[in-house]
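J.: What follows is a single structure, and I will ask about it in a moment.
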Amino acid sequence: MYILSIETSCDDTSVAILEDNKVLSCIIKNDSKQLNPFGGIVPEIVARYHEENIIKALDLALQESNISLNQIDKVAYTNQPGLPGSLFVGEIFAKTMAYALDVECVPINHIHGHILSPFINSVPKYPFMSLIASGKTTSIFLVKSANEIIELTKTRDDAIGEIFDKVGKALGYDYPAGPKLDKYFDISKATITPSFPPVKNDFSFSGIKNKFLSIINSSKMKNEEIDTITIGSSFLKYSIDLIIKKLKYYKDEYSVDCVCIGGGVANNNYFKQEIKKLFSDSFVPESKYSTDNAAMIGFAYYEKNK
């Protein structure tokens, strides 16, 4: 079975082609550099980028997979959550392709794609705990099967990737700021140590975001030199430690010793290090599948319907 999958939930335009659970091609187009002047996502602009890029991505995916359109058996697309305008572009494109090819068109939850992404091209190991940490969400799930995914906790305000970008911007880093925070991280300089909230509470990142933005803005107002390494390292360590504490709580609560990590924050080196200390079995997606991509949407479709 050949699956054409489409992902347009935020600013990445992605088209993939799979043969069952095997990825034949996955094209990702992103115009994030053009968003630098705005310091982040502008929904109307990224929706327009999707319109400009989606046919190009499809053409490249077909070329790379050596598959023709008339061989496609199913079309899968991201339908939620995400930016409404971006999702709309992907949905209309997917439904148009499915209608033209006379095949079934199936909506897939973007988060479920991230949850299953560590197992792309392989077989999931159920049950497992899943953390999705990205610019749009920060949630922990108990995954019993591809069709039995239970949300244990989520962020009540900002997502971790979102505060990475906002604090990173204040430190002078381009969007997305996560890679720069990771690059300049020095644990010996992480000397700013706010207290942690009760572990049973839902995630909340707005308070820590505001605390570090206040530190940065205070230095700017006093014309003091901003110690980007100390502030960035302290901010990153606190944010990651907050997640690790929450994971430990649910690990003990449900006696699950396998964890899967999805979303862009999975690329962070300090985070990977701490995860390996906590869980005996951990899975992260390949780097090319750790951010938004259509391969995970096609793979999620396959797992839910095999």
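Every residue, even glycine, has its Cβ placed from backbone N, Cα and C.
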J.: Considering the substrate binding residues I132, A133, S134, G135, K136, G178, D182, N268 given in Swiss-Prot, which of D165, D281 is annotated for that site as well?
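T.: Of D165, D281, D165 joins I132, A133, S134, G135, K136, G178, D182, N268 in the substrate site that Swiss-Prot records.
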J.: To the nearest whole angstrom, state the Cα distance for the pair N268 (substrate binding site) and D292 (Fe cation binding site).
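T.: With the alpha carbons as reference points, the distance is 16 Å.
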J.: Going by Cα-Cα distance, which of the binding-site residues (H110, H114, D292) sits nearest to G178 (substrate binding site)?
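T.: That would be D292, the closest of H110, H114, D292 to G178 (substrate binding site).
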J.: Fill in the CA-CA distance, H114 (Fe cation binding site) to I132 (substrate binding site), as an integer in Å.
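T.: Rounded to a whole number, the Cα-Cα distance is 7 Å.
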